[in-house]
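**Student:** This structure is in C-alpha cells; I'll ask about it shortly.
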Amino acid sequence: MEPVDPRLEPWKHPGSQPKTACTNCYCKKCCFHCQVCFITKGLGISYGRKKRRQRRRAPPDSEVHQVSLPKQPASQPQGDPTGPKESKKKVERETETDPVH
C-alpha cells in the first residue's frame, strides 16, 4: 500500500472516491458502485428526513351527502327466553301435530 499523506482528510484519500459519480439507477452494478450506493440502494437505509405524507382531504361539499344513520335499538336477546331444551320440545310437538309436511 502506498503511504497516505497525513494532512489529507480521510474522504480525500486516494481510492476512497469512485471514479464515476453515483446515479439514481438501482441495477446490480449501480447498487455495488460504492459504499454509499450499497447502503442506500442495496440495503435501503437512508438517514435523511422522512417526508410526511399528506392525507387526501375530501372536498368540503362531500359532507352534505352523508346521511346520519338512525340509532339502533338496544340489542334484545334472541330466541326463546325459556331456554333451548324447552324450545326444542316445542318444535318437536309442532312437527308431530303438523301432518301437512
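For all residues, glycine too, the Cβ spot is worked out from N, Cα and C.
Okay, these came from Swiss-Prot:
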type	residues	note
SITE	Trp11	site 'Essential for Tat translocation through the endosomal membrane'
REGION	38-48	region 'Core'
REGION	48-101	region 'Disordered'
COMPBIAS	48-57	compositional bias 'Basic residues'
REGION	49-86	region 'Interaction with the host capping enzyme RNGTT'
COMPBIAS	83-101	compositional bias 'Basic and acidic residues'
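Each of these features: where is it, how hidden is it, and who are its neighbours?
**Tutor:** Taking the region 'Core' (38-48) as a whole, pLDDT averages 85 in the prediction.
Only residues 6 or more beyond the boundaries of the compositional bias 'Basic residues' (48-57), in the same chain, are considered here, and none has a CB under 8 A from a CB of the stretch.
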**Student:** What does the DSSP secondary structure composition of the compositional bias 'Basic residues' (48-57) look like, as residue counts for helix, strand and coil?
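**Tutor:** Tallying H, G and I as helix, E and B as strand, the rest coil: 0 helix, 0 strand, 10 coil.
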